[in-house]
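Trainee: Below are the structure tokens for one structure; questions will follow.
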Amino acid sequence: MVAFAGGARTEDAHLIDDEGQLLPVNGIEEYLFTALGASRGGDALHRVGITYHVVGVLGGQSSGKSTLLNCLFGTKFQTMDETKRRGQTTKGAFISRANFEVLRGDDGEMDAGASALMESCAGKSLPLFVVDFEGTDGFERGEDQSFERQLSLFALSVADVLLINMWAVDVGRFNAANMSLLRTIFEVNLQLFSHDSYTKEEKPTLLVVLRDFTEVETRTHFETVRKSFDKIWDNIVKPEAFKNSTIDTLFDLRYHVLPHFKLQRAAFDKETAKFRQWFYLSTCDEYLFHTRGMFRGVPLDGIPSYLSSCWEMIRKSKDLDIPTQREMLARHRCLEVKKQILQLFTEFCSNYTERLQRGELVTHLTSLLEQDVDDKLRDFHQQTRLYRIDIVRKTEAELEEELLKVELKLVGEYAKFISSKVLEELETAVSGTVDGALRWLLHQAQSIPFLSAEAGDAGGGTEHMSHLKSVERASSNDVYITDNETCNVLVHSFWKRLCRALQAEIELLYCDFSQQHQRQRESQTLNLYDRYASLVAEDPALQEAIAHFVSDAVFQKVSRRFASMAENAAETIHQAFEGVLNRNQDGTVRFFHTTKALQRIEPQARQAGLVLLGCLLYYRVKVVADRVVYKLEDTDGLSRAAVHLLGERRKLIVRENSEEQKFFLHYATISEAPRYPIGAPVAETDSADTSDNVVDRDCVLLSQQAVQRAFDLYTQKCEFTMQLQLRSIEGEKQNLPAWVLPVLLLLGWNEIWYVLSSPVLLVVVVIIAAVFLRGFLLTQWAIFEETGPTCVVVGVRVVVQQIRNIYKALVPMMPDDVKSNVARHRDPGSFSDVTASAVGTSWPYAAAEPTVLPPSTTSATLTRRLKKEEEVPTQKE
């Protein structure tokens, strides 16, 4: 047997051998390409789609099935040579494509229908494949009907039209007419129809061909065949759903007769030519293919996998479900196409990756990628449009998602390259933000007033106050009771302020789809992107990706800084103590002239250090997704990558669940370590507890032992710093003995008289004396500020300030004087501070003066020094 496609001659294929082995998928594909006259690996099968048909034939052995197919379709199936033997010729199943080139009339001309079909075949459309199945009731198989049943089920799963080859003289008989084969066909098709997903449109055409018909009237034979079919149908066991159904529910029954092949050859050929029109001439009244495509809806490029899957299920004696097989085929084919397209897109993106590694940056990268993604999706839809729509849509969505992942990976590599430059520009700003927040914290911490014993008794618990009273009884010094609630509120405010400030820096990098705000941001972000500014401005997805990388990097940088501060907690809070001790709240350097001033500021400085220790206990910043909702018109025209990245924007917030709000140090006094929050549930790193109301162990920077150790070292360092300050104060005291002035007047009388008698020298001496007098008065005023009554000091300050304002209003300052004054009184905290611009809140005690504390000692060294100062006047008296 041979098959032709546009005149090309090809050998047929042994689809199923006599041992029941199906031709491999690759072999079936190779045959189909050859039958279509196309080279392997092209899209010929895909172009055919479902516009093809399959015709199969079943019947008894040696009943002339192959001969009938050769005459009808021009195939070259092997036929039996009666002169040599009688027996089995077709073993298993053979497949071939219909060849109408050799089908000509007696005059040698091809009939009109065949000519039309030839033109159709030449146009690569509506191919017709013919399957010749092994005959039944053969001596070779004996009583084994399992293979017969398997072939019947396979034929019903693939053939649009199933020819039943039957001798006319056997009509009315059971065994001779091979009615057992019909019973098998009915049963297996009933098995197929039993599935819920089976549709009534998927019933094959059962065409009964009565061979060697010599009578004139055909109606009697057709009625007899129908009665035989009905009797078989009534005797088989049917499912409940088909109890009252007829055979027409499962089959479209058609009948035809043909004259004797040998005795009436001319009539046989004539009737065969007419019969052939049933298969290709759509204008024929008996045309069999009412739909343009294969009735199972399996595309030709999926037929190899479909046949393999069906035959495997049949051979394993499993329940064959054609819709399920089509679903499996659709899924397999869609996954195959998806894999191919994904590989092509990955190779496409790898070219840009290589260019990036060479330092070449491509403009409009996302637009190029989006265009290729659209092309790939159209290609996928084109190759899978004939399969089940729900599976195609699902796989297409999966493909689009995976293509987006590959695209985002490439955009991420570009963003990572550019974000390294952006981080260099932002590093100073981020460090300044953290420094500004710490300065604000210490500024507010030293303004928190201490509680009196009564206030502490009213605000604290019984256990806490009993502890304070025991401390008071054990020490003769005053106890500075820390306002625990206010300190913890300040710690929380510090983290909120830091989050807002960092978020303000990061938001400059994100796209703003409002044109008004976009123009305002362009000038601010130009310096951040440096030479990549124009590249980023033209690609919103790249800008979003850069912002994501920078957000994560800023978060990691700040977290590492606080982790480093926590590792050296004692040194960190001691530096804060020194900063508060040595600088005024306006940032100017503080000089101490008396020990009383040092005594007054030391508790505030120690409290500021302890508040900072509370900030180092737990890292309260976390990154969450900022679910920004944009209008459709705002995101119209954006790429998939940009829209996806919009949904993953980062936002820095403060950790403040119910347990984290309780996870603060408990302050009692400045002379004892803060109590650790032991009762809070802490989630382990690998814990299965996914509750939100827990404390994250990864964010706990200080353990209970670390807090105690840091406090002990902090106390020692503060004592040492106080000793250095006391030595500095003592070194500045240079009082001359009382007898020095009279001796100077006595010995220098002549020089004094000479100066008084000389006007020039007198003026010079007066000027020098005025300068020294001014310095002396300023020094005495500083001492008075430190030791005098607060009400008097504040009153004098107000009067002096009013006099200065009046003087400035009457006598304008020169430009040089203005510059020098600004330089002299510049506040170190007034430099570019992101926290000041990003957050408009302030601490309630920020405007208040430092609390005036009663003169008392806070350390052993300072106590001894004060006692020594009090004993000196007594000894002189």
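Cβ coordinates are placed from backbone N, Cα and C, and glycine is handled just like the others.
This is the feature table in Swiss-Prot:
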BINDING   Gly59, Gly60, Gln61, Ser62, Ser63, Gly64, Lys65, Ser66  GTP binding site
COILED    388-410  coiled coil
COMPBIAS  867-877  compositional bias 'Basic and acidic residues'
TOPO_DOM  1-735  topological domain 'Cytoplasmic'
TOPO_DOM  781-877  topological domain 'Cytoplasmic'
TRANSMEM  736-756  transmembrane segment
TRANSMEM  760-780  transmembrane segment
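For each listed feature, how buried is it and what is near it?
Mentor: The Cβ of Gln61 (GTP binding site) has 20 neighbouring Cβ atoms from other residues within 10 Å, across all protein chains displayed.
Predicted-model confidence for the coiled coil (388-410) is 90, expressed as mean pLDDT.
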Trainee: Using a Cβ cut-off of under 8 Å, list the residues of the same chain at least 6 residues beyond the transmembrane segment (736-756) that approach it.
Mentor: 762, 765
Trainee: What residue among the binding-site residues Ser62, Ser63, Ser66 has the most other CB atoms lying within 10 A of its CB?
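Mentor: That would be Ser66, with the highest Cβ count within 10 Å.
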Trainee: Looking at Cβ-Cβ distances, which residues of the chain lie under 8 angstroms from Gly64 (GTP binding site) while being 6 or more apart from it?
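Mentor: In sequence order, Asn165, Arg211, Phe261 meet the Cβ cut-off.
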Trainee: Through the lens of DSSP with three states only, how would you label Gly64 (GTP binding site)?
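Mentor: It is coil.
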Trainee: Starting from the Cβ centroid of Gly59, Gly60, Gln61, Ser62, Ser63, Gly64, Lys65, Ser66, which together make up the recorded GTP site, report each further residue of the same chain whose Cβ lies within 8 Å of that point, ordered by sequence.
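Mentor: Other same-chain residues near the GTP site: Gly135, Asn165.
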